[in-house]
Amino acid sequence: MSNLDKNPVQSPAAAVTHPLVKGTVEPGCAKVDPIVIADHVTRQFGGLKAVDVDHLEIPRGQITALIGPNGAGKTTMFNLLTGFDKPNTGTWEFDGKSLAGVPAFKVARSGMVRTFQLTKSLGRLSVLQNMLLGATGQRGEGLFSSLVKPLWRRQEEENTVRADELLARFKLDAKREDYAASLSGGQRKLLEMARALMSKPELIMLDEPMAGVNPALTQSLLGHIKNLKADGTSVLFVEHDMHMVMHISDWVIVMAEGRVVAEGPPETVMKDPAVIDAYLGAHHDTDLGDLMDDGPNPVEVALEAERKAHDAHSEEK
Amino acid sequence: MIAGIRIGPGVRFITMALLALALCLGVVLGSGALSASASAPAPTPTPTSDFTNTLTIGGVLRDDDNVVEGAEVTVEGAGGFSEVATSDDTGRWSVVVPEKGEYTVTIDPETLPDGVELRDPDRVSATVAANEWQTNSITRSFPLGVDDRQTTGFFEQFLQRLAAGLNFGLLIALAAIGITLIFGTTGLNNFAHGEMVTFGAIIAWIVAVLLGVNIFVAMLVALVLGGAFGYVQDWLLWKPLRKKGVKLVQAMIVSIGLAIALRYLYLFFIDGSTKTMNVGLSEAIVIGPVRITTGSVVSMVISVVALVAVGLFLTRTRVGKATRAVSDNPSLAAASGIDVDRIIRTVWVLAGALAALAGVMLGLYRQVSWDMGFQVLLLMFAAVTLGGLGSAYGALVGSIVVGLFVELSTLIIPADLKYAAALVVLILVLLVRPQGILGRKERIG
Amino acid sequence: MDWGNIFGNAIGEIISPTTAAYALAAIGLGVHFGYTGLLNFGQAAFLLIGAYAFAIPTLAGAPIIVAVLSAIICSVIFAFILGIPTLRLRADYLAIVTIASAEVVRYVVTTTGLTDFTGAANGLSGFKGTFAAINPIPEGRYGFGPFMYNEYDWWVRIVGWTLVVLASVLVFLLMRSPWGRVVKGIREDEDAVRSLGKNVYSYKMQSLVIGGVMGSVAGIIFILPRAVQPANYTTGLTFFIWTIMLLGGAATIFGPIVGAMIFWVVLSLTQGILYGAIESGALGFMTTTQAGQVRFILVGVALMLLVIFRPQGIFGNKKELSFSV
């Protein structure tokens, strides 16, 4: 903690500007066109402050990575923003609408859809049924209208067409009629992402989309996420995978011990001493300069190590 | 996230609380009045009514909480059928009737004990219609008692109920700690736990009453056999199911099946009547104005001793510490070299023994019947849930709360609603604190 | 042993109103557990509420339509009372709270303080007039073989089974629709469904109400051939309904119906055979009362074996096992 406090002032990124940013690049900086703005969000578990974010803005139409060491509060932040957990204090808005205290399902309806770290594919529904569940505004989901098929048949057909398109795009079309329980871990991740896209979200929030996905699938997964941006969807993801963070993100936000300690474009933020501190914590006694000049970037090393540990952990589950 | 047995900070409290409780008991004994027959069981009509083969008309005569013995009830029917039943020492009376016909049931107010009257003096008879015979037994009750309750003041009543509530709460705690340990280590909500309680009571009844052995020996036999019963259950049923990877809800329904099978097995062997544990512990000790049965004293002392022993076991012994480790995180415990299956087996033995002990005392406190454990199962669940599922200390606190509430509620509401009141409190608490009184909130995601 | 009589009685159970009532209650429970994943251990309470909310207004002189509406409305209210605190809780808490609520309701109708309304432990009788009055079947005995009944008994059976069929059709229509997809999604993982913008709480409540109303109507059918006896609404009743539902298959249309038929036919057969064996001296050590109890030992064992070895029930798809938790 003490390391974090003394650093930001001397941060090399401090005086830098960036086209996405209004003013200078610093932790909690204002964006030119933000899609999410959060203020004073805190969440305590017992004595532990899991999240303590003063100000945070997520740029619209960009791919933003949320990184940080284990226990940094990334998933908790996800849960808070999407209404799956309630903060002790704080307000936030999405697309200009305040979402503080709004239940999770309404958050999703407003166009901010998330996935989960541990996949939540609905095992005893077919892949297609999983997809159709993602569509919004279905008339057949009303208790009384569901009884009269003509009321919802057309909409169901349209949704099925869209679901088939997405399944083809994510190469799951061959599994269309299978139970989701029969898919591999990576396929479930894809299904979950495709299902989230059924609602045509403004912002899609992916919680560790790469965890447990085999390397053959990662490349196509990266492609899918880039395509999302091309389609105009904003993306926010939590990830340990360096490829993903370095190669596809436009903006990186770093959290440690519940707070935003740095942000910036990927190539600069990795060199931010605050970030290195965050990952190596108070245990490192190496000179920072040495680390910067020689060998691989310590943050990348730490991220990589964490990803491996994490994958091993997920496989166990 | 697995709800662990969170004894950690509460550990010292178990021991301390129990010691304090023992002191309290002493104070109550010294100052107030303890009731001997704290309460009779609530009228739980036997679920067999639809399934037995003899046709009976019967009922229970009770003046508030006191059973009424020796009252005469006449049942008259077609063809000159007439038979008189006398209520026994549990207030029960019943008449076997020849056919599913119409009958008139009349109580003789003269035979009621002094001070007991019909609540409605005009209602001395009731009728049974022929079309009521869809079940094989018909109940007719005669509400008794006018205002005999005013003989004792509110404060004495309160102290009496307080003591009875503590006693009952401790009994529930004995059995409920087993439920919570099993839940903590395996995640199973064991619906057959009530039958483990009944098991102990029946064993003690057989040994002490049928074989005439000293009640304390009988208690020991019940304790040992109860532990063995837990061992056998885990060995033959639960461990294989764990190996099979049976899901938790599935296992819970298996325990329901087991509970049904055991309950009717008991009924098969000891029939549906209630048995009195007449073992010489029912005489009253009178200390000044205080009356208390030796049975109640024995029961409370044994409960407190057993609970302290369990607390020490969990905190001081290696096996006990390992048990808590397994509750916190089974895979971590397994990884650090703890034999999880052995710990779970130990927990089953402990739970079986404690439940049996609770059963013996419940039998002393009330009576022995085939479904006595099932009758208190929900109160045990309520206690465990109130305390926060999986917390041993919480189970103790929850049990005392439930016990006190059950007894104290009778000061305000009718005695036959006291269990209902405890369950309503459970629902209300969950409305405000879904994690129970002492439970912690869980993290999502 | 009189095999003709034994089989006659057993076959008669197939269309008995009791079987219809249990089937309907199990269909409702199937909506709760099989499709939505709600661990409702208080289904007996819905039968109880249906019975009392039908019988009390009827005895007070209300026409049958009012009595039926009263039963339905009371069960809807009860479902809300039950659902509001519990549907946000973890599954195992829901189980304990529903079973507790069912017992609370039973204690309340049994309490002597309410004798004027509920008849306390004696229950209620004499409420069949309004139902018999709308019976279009002329007086007399009809049928063949083991199915010989008078006009009232036929009327109860026809109405009972019609309601069972209607409930099955309703469940079929609901479960093939997007509504059914949402509740099945909730059964699998409610957080996932929530993240897709569905109001999970509202769907659970709807499911609880629908299954509860079915339980309540089952309660009416159950009492039409008998009296209202509070002793019939113990948790034992709930567990038998669970057994029936799991026997046929929790998430199937015909499962609860066939499950109820098998349950009652087998109970009747074992009773007949055991009694016969006792009378003929083959089971001299057992009384007929004990024989009745043996059947319920068997029910318990059957429930265990069923859940362990065939959790999907008779009709369930092997891949679509009934337990996800």
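Just so it is clear, glycine is given a Cβ too, placed from its N, Cα and C backbone atoms.
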Of the residue ranges C:250-269, C:290-309, the one that TrEMBL records as transmembrane segment: C:290-309
Whether the transmembrane segment (C:91-109) meets the transmembrane segment (C:6-31): three or more C-beta pairs under 8 angstroms: no
Stretch-level contact, the transmembrane segment (C:6-31) and the transmembrane segment (C:154-175), CB cutoff 8 A, at least 3 pairs: yes
Distal contacts, the transmembrane segment (C:154-175) - CB-CB under 8 A, six or more residues away: 15-17, 20-21, 23-24, 27-28, 30-31, 35, 131-132, 135-137, 142-143, 184, 210, 214, 217, 221, 224-225, 253-254, 257
Long-range neighbours of the transmembrane segment (C:208-227), counting only residues six or more past its ends (CB under 8 A): 17-18, 20-25, 27-32, 36, 38, 40, 43, 46-51, 53-55, 68, 71-72, 74-76, 78-80, 82-83, 87, 123-125, 127-128, 131, 153, 156, 159-160, 163, 167, 170, 174
